[in-house]
Amino acid sequence: MALAVADTQNETFARSESPTSGPSDQLSTHDLDRHIEKLMRCELIAEQDVKTLCAKAREILAEEGNVQVIDSPVTICGDIHGQFYDLMELFRVGGPVPNTNYLFLGDFVDRGFYSVETFLLLLALKARYPDRMMLIRGNHESRQITQVYGFYDECMRKYGNASVWKHCTEVFDYLALAAVIDGKVFCVHGGLSPSISTMDQIRVIDRKQEVPHDGPMCDLLWSDPEEGNVGWGLSPRGAGYLFGADASKTFCEANSVDLICRAHQLVMEGYKWHFNEKVLTVWSAPNYCYRCGNVAAILELDENLNREFTIFEAAPQENRGAPAKKPHADYFL
């Protein structure tokens, strides 16, 4: 587990700078542009500004359905896991917001050093360009998981209390569970569920809650495709299911979709096809956990749903800030 650490400058900034924005309805375009500018430099914003930004994000996300309806063209991105400088590399190769429409398939946080900056930047971009930045929920957008895999600890280090973590986890509950592009490409973080035959069944789930330990909502965020598997199998993850080619074919036919696009699993080549190109895994965290040596990928779908993959490597060392190895806060928090 790669625990997040903060540099002294960011810690001081987060605790000392006075906020400039009030309630979410007063969060102006200027405020959002200022937040985006700071976060693009991997600098923290003040705690009160986090609260306001999260409230604004919840307002926007609350208006979106469980299955986000998205028009092409769009660029699909897999797991990011707090690898901020690699997210900057993704935007470099994929194009800046709002020039490019993005759909991120969840797992924004945990394991990487900069989950706070990564998630807040994506939220600020969502608040500023709500129709250009689409975010759905991954299995790591969970209170329980983030207390184990780094995001909670990072919030405590960088802000000195759990308030920012609480604000962010409240946003998690409002994230959509899936998306469908032009009615033909079904997108989800993990995979399918034996409890779900149609997208309409996803649309009626009460998503505004912590990720359950089992059931359809859990399955969407945790399941994996399994080559050679027939029907459904128990997942070694302890949540969700393994689903085979037959389950994928049945779902696609019932919902008139051509492709199931998901993330959730490390792919050394950045993307991987399953089941005669009915299911696709996209992975967007290069050199995962700063040691796996994998490349990353994003998938661009044009107006006709033609596919173009862009492969990219981890950001060069000179482009990334080195987090402090042992911040003094470690001894006191």
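Note: Cβ is positioned from N, Cα and C throughout, glycine not excepted.
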Recorded Mn(2+) 2 site member, picked from HIS167, HIS189, HIS213, that accompanies ASP107, ASN139, HIS264 in Swiss-Prot: HIS189
Additional residues around Mn(2+) 2, ordered along the sequence, whose Cβ is within 8 Å of the centroid of ASP107, ASN139, HIS189, HIS264: ASP79, LEU105, GLY106, GLY138, HIS140, GLY190, LEU221, TRP222, ALA263
DSSP-derived structure type at ASP79 (Mn(2+) 1 binding site), helix or strand or else coil: strand
Distance from ASP79 (Mn(2+) 1 binding site) back to ASN139 (Mn(2+) 2 binding site), taken between C-alpha atoms, in Å: 10
Output field, Mn(2+) 1 shell: CB within 8 Å of site CB centroid, site ASP79, HIS81, ASP107 dropped: GLY78, ILE80, GLY82, GLY106, PHE108, VAL109, ASP110, ARG111, GLY138, HIS140, ALA263, SER284, ALA285
Nearest-integer angstrom distance between the alpha carbons (Cα) of HIS189 (Mn(2+) 2 binding site) and HIS81 (Mn(2+) 1 binding site): 13
Cβ neighbour count (within 10 Å, all chains shown) around ASP79 (Mn(2+) 1 binding site): 29
